[in-house]
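The [2Fe-2S] cluster binding site annotation in TrEMBL covers C29, C32, C65, C67. The domain 'FAD-binding PCMH-type' annotation in TrEMBL covers 167-352. Taken from TrEMBL, the feature FAD binding site applies to 195-202, F275, 285-289, D298, L342, K360. Under the heading Mo-molybdopterin binding site, TrEMBL lists Q706, F737, R851, A1018. Summarising the annotation, TrEMBL assigns substrate binding site to E741, R819, F853, T949. What TrEMBL records for E1207 is active site, proton acceptor.
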Amino acid sequence: MQSEWMFWLLVADVKKHLESLARSHGSQCGFCTPGFIMSLYALLRSSQVPPTEEQIEESLAGNLCRCTGYRPIVDAFRVFAKTDDALYTGISSLSLQGGEIICPSTGKPCSCGSKTVSDKETNDQSICSASYKPVSYSEVDGSTYTDKELIFPPELLLRKLTPLSLSGSGGLKWYRPLTVKHVLELKQKYPNAKLLIGNTEVGIEMRLKRIQYQVLISVTHVPELNVLNVKEDGIEIGAAVRLTELLNLFREVVTQRPAHETSACKAFIEQLKWFAGTQIKNVASVGGNVCTASPISDLNPLWMAARAKFNIINCKGNIRTTLAENFFLGYRKVDLAGDEILLSIFLPWTRPFEYVKEFKQAHRRDDDIAIVNAGMRVYLEEKGEDWVVSDASIAYGGVAPLSLFAIKSKEFLIGKKWNQNMLQGALNALQTDILLKEDAPGGMVEFRKSLTLSFFFKFFLGVSHEIEGKKYTKESISPSYLSAIKSLHRPPLVASQDYEIKKHGTSVGLPEVHLSSRLQVTGEAEYTDDTPMPPNGLHAALVLSKKPHARIVAIDDSGAKSSPGFAGIFFAKDIPGSNIIGPVVLDEELFATEVVTCVGQVIGVVVADTHENARRAAGKVHVEYEELPAILTIEDAIGAKSFHPNTEKFLQKGDVDLCFQSGQCDKIIEGKVQVGGQEHFYLEPQSSFVWTMDGGNEVHIISSTQAPQKSQKYVSHVLGIPMSKVVCKTKRLGGGFGGKETRGAFIAAAAAIPSYLMNRPVKITLDRDIDMMITGQRHSFLGKYKVGFTNMGKVLALDIELYNNAGNSLDLSCAILERAMFHSENCYEIPNIRIFGNVCFTNLPSNTAFRGFGGPQGMLIAENWMQRIALELKKSPEEIREINFQGEGSILHYGQQLEHCTLAPLWNELKSSCDFLKAREEVNEFNLQNRWKKRGVAMIPTKFGISFTTKFMNQAGALVNVYTDGTVLVTHGGVEMGQGLHTKVAQVAASAFNISLSSVFISETSTDKVPNSSPTAASASSDMYAAAVLDACEQIKARMDPIASRHSFSSFAELAVACHMERIDLSAHGFYITPDIGFDWSTGKGKPFRYFTYGAAFAEVEIDTLTGDFHTRAANVIMDLGYSLNPAIDVGQVEGAFIQGLGWVALEELKWGDAAHKWVPPGCLYTCGPGSYKIPTVNDVPFKFNVSLLKGHPNVKAIHSSKAVGEPPFFLASAVFFAIKDAILAARAETGHTGWFPLDNPATPERIRMACLDEFTAPFVSSDFHPKLSV
């Protein structure tokens, strides 16, 4: 009881886990942070005892974060887990008897809490893991806290429920009946009414699919629909029972009933684990899932297979029963008449030697809809020495418009002996049951067909293994085959962060927490959309093109004008200034006039009194088109010679042709690499708030942009007013990653038109689907290479063509191509290089900047041909990489010489820390012993150039004000988007004045304080803006020095007052330009980068060769960041970049309506929301995730010997990609395929599985099958 009482004290103190998350650096941009806090709070509030680490991680699986990489969030929250009894006995589990400290990440003794920080920069401290301690309940004294926990009001809990009847806009009616009789009366009156519980499906239909239901009936509180009865012959489950309640009941009966009775219950438990996040399962109902009749429902195939019966009641109270296998009639059609509802489900117990098993494969393991799922059951009888199938059921989801019952397969199975012959016959029968057309919605037809066979094979092995364990069988399963049926148990995350502290002054070098973190964890941090709307404010929505390439024939806006709340609509003719815009080249129209060149191009803007009304009005604008031919892929563009003007680029070193012809090369290979794009998926969508002042003479903007100056310039340009009359401010971003560098400016400009013309405030915030559809993504690339090399593996010549898909405007695509060309050799010394590049014009929305800015695409192509060389020579890829490493003094293909190159020490330290040779041996041994699971390892280096490659952009300004109370206000041109820029800059200012960090404040970025700023991009912002701030500080210090030298002041505040009394200017504008850079494309030579950031990563993965599922067992990352300004923030950037990169290489696939995806309308983005586009979750983080910063290598070319960090680590996630490919190689070797094969990124389950050739893919594809990719 004491521990339980202490636990509730913990829950009552919400501030503890807010503080824990802030201290652990678990909040970067902060937009997702309140969601994580509430998920943990809900878990703690609903738990009777402290949760386990596994339960904590599971509770967070429904939350998404794009910044942190999840590790610090898990570390922050695991202090609430009960991992041992030390917490409850007053002994800290962090200490041992000998005074040793136990690292909370590794569980082993370390020195992470034992040292103090020295003020001398020459002394350093090694830090293993972010320091945190389990909450010691004995330290919690409830009487010391005045803030009490806000609980659900008891009055509402005790209040007697009454039926409700509400009316909404547009004639919507909402009812809450309390008896099934009342429900049936309403159903009789409104046969088309939608019944709802958690609103998890209907809400999506109404909000995102624009489906309008006039009558909604909430049946949450109907007792008859909430029954849960455990009977002698099975379980009765009310249709309104929540999935969490069902899961808890199944877990309970599994422990109470005989094992043979609960086979179906166990299958449901496993399926519900991956069904959805905890938040969804808490409100979603069994009946809702059944009656939605989704063809990819995870549960319906199991109901069908498990012999479940559905009890249906009509308006007269008559009850009928139907088998689940007969309930589903067609696409979202079920066996329910207009006057009937589903009352309950009866699930019978399984019998001895009756087995039920669930299967599911999705794009992402957690919280994702299935690609294919299945429920399978077999009932065996013993006849002599044979096992014979007495009954069977097989049902699939994801292979037809409804959950499909495999009738022919069932008929085949019954009466057959359970053996290998039966297996082969069943696999043949399944191919006649499952008929998928080539253009079936959802695509991936070959993959989905193969999964149907793989699932049954797994079922066969699982059942055979069960029987083997109980009775003698003629056929035994090979031990290596058991890997097919071993379920994945994800262990708690183990992570370490190893870095040194090089303190400079009062703050620089210390692992300070993000300055906004405490506001972010409480939900008080404000973002653009949080700006309060004045009473006369309006909301804007865009009128968008629905065709990829078409002439606008006519526009009918009458529907919009008659829409509720409508205030105005504006087209190109209404623009007071210029309609032609563009960040580099003016090649875009703000509002399309005659021709649209992509789906989602802006045609006009509507304003209304609410966001919803604006959106509805915009949807009522009817545009008549005359369609024109569309170019949708890079290959199409190359064939049609569709390139943006003046974008052809060329770089050369040595003589490639001579090298190929001279005979120096023992081998020459040619090939091509397709590189997939990526959605930014910042958690805060694009948003701008525009208002006028002084009678419309001034325009002010608050915008979620990485480039306030660009929004200022665009608005000035389209309104036809001077830039001096436009002010753009940015407080913070909820993530950016390059997606808010240029593509937010036209959105601000669109909102400025009605605001300026109507002289009213206008706010525009894009919905997620619109944001993803119109604002562009990471560029897809096509690389065509020819490489010559020796038998030892030394690369002698590289000839490569690079093409990127720019979309319908140039935006930054040319600069992105240039950086890809600069990075096309990654870290490798190649004497002869020729690189040609061009930017493709396609009829897709304009692609834009994304973390890495083309560099990762160029390096991924390089590592593809590097790995192919290793295969050709039958050597380790790591060996080939080492042979070709650049080093100190290497001359790059664009003329720059490497200085202070740390690649070799980085690589060697990584190789040692991961014990690569041992890891390789262990993987080989595992692969020999496991036929259907394979592991792979890889080590990948990176070299990333730091600077904008456009010279003039390498400048930064700052304004520093010292006040007489000793505090300092800093304003600079950089934008805080979670990367910790403001924190680092404040640390530099604090150290410069020798004051505490708390004395420095950075309010916002504003164009009226620091003009003409470059975008916060290219990883260079800390270098530039910290240097600009230091310049301003030094100016002020120089003015203060004469006063300081005459007196001894006890504080900086006293000195500031004294200077003020002496009329010393305590304000200064600082400025910095990056020195010694420049590049001339006419000669192809120069020095585009100030320096390089180096890194290397190791990864080990395990794949399921039958399904394509994979997980990352380990990842070690090491970066050279010089003497870090803030090592904790830098480690956070490394981890976040790595997990975002993992999404790019293995999870996140963009699917456009093109020749590869004919089931998607031409030019439309299918993956335009979290339902279809999957970023990593907490369960995609490597089991072991270690990050270390190279020690003892100061960077002489940046402020305080630091290095840039934002983009360089991103590419290192390709270690996971090449480890996956390594595992696939082991799988292919089992069937005699030992040569090179192409693998595009992302390495989705489809690509992994279809590359693992075996007897289950053979009926559908040849050995050279290449899954389709939008490029």
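Note that Cβ sites are derived from N, Cα and C of the backbone, with glycine treated the same way.
Remember, TrEMBL labels are computer predictions, not curated facts.
Of all the binding-site residues given, namely C65, S285, L342, A1018, those whose Cα is no farther than the 10 Å limit from the Cα of T949 (substrate binding site) are A1018.
Spatial neighbours are here defined as Cα atoms within 10 angstroms of one another, and by that definition the neighbours of R851 (Mo-molybdopterin binding site) among the recorded positions C29, C32, C67, E1207 are E1207. Its Cβ placed at the centre, F853 (substrate binding site) has 28 other Cβ atoms within 10 Å. Around A1018 (Mo-molybdopterin binding site), the same-chain residues at least 6 positions away in sequence with a Cβ under 8 Å from its Cβ are F853, I946, S947, F948, M953, E1207. For the pair formed by F737 (Mo-molybdopterin binding site) and C67 ([2Fe-2S] cluster binding site), distance between Cα atoms is given as 9 Å, rounded to the nearest Å.
The average pLDDT computed for the domain 'FAD-binding PCMH-type' (167-352) is 94. Between the binding-site residues G198, G288, G288 has the most other Cβ atoms inside 10 Å of its own Cβ, all protein chains included. Here the candidates are the binding-site residues C32, C67, Q706. The one whose C-alpha lies nearest to that of G198 (FAD binding site) is C32. A Cα-Cα distance of 38 Å separates L195 (FAD binding site) from C67 ([2Fe-2S] cluster binding site). Of all the binding-site residues in the list C29, C65, C67, E741, R819, the shortest Cα-Cα distance to G288 (FAD binding site) is found for C65. Figure note: comparing Cβ neighbours within 10 Å for the binding-site residues C32, C67, L195, the maximum is reached by C67.
With C29 ([2Fe-2S] cluster binding site) as the anchor, the candidate binding-site residues are S285, L342, Q706, R819, and the one with the nearest CA is Q706. Within 8 Å of the Cβ centroid of the Mo-molybdopterin site, not counting the listed residues Q706, F737, R851, A1018, the chain contributes G736, G738, G739, E741, A849, F850, F853, T1016, A1017, S1019, G1206, E1207.
Listed in sequence order, T705, Q706, A707, K710, L812, T848, A849, P1015, T1016, A1017 are the same-chain residues at least 6 apart in sequence whose CB falls under 8 Å from the CB of E741 (substrate binding site).
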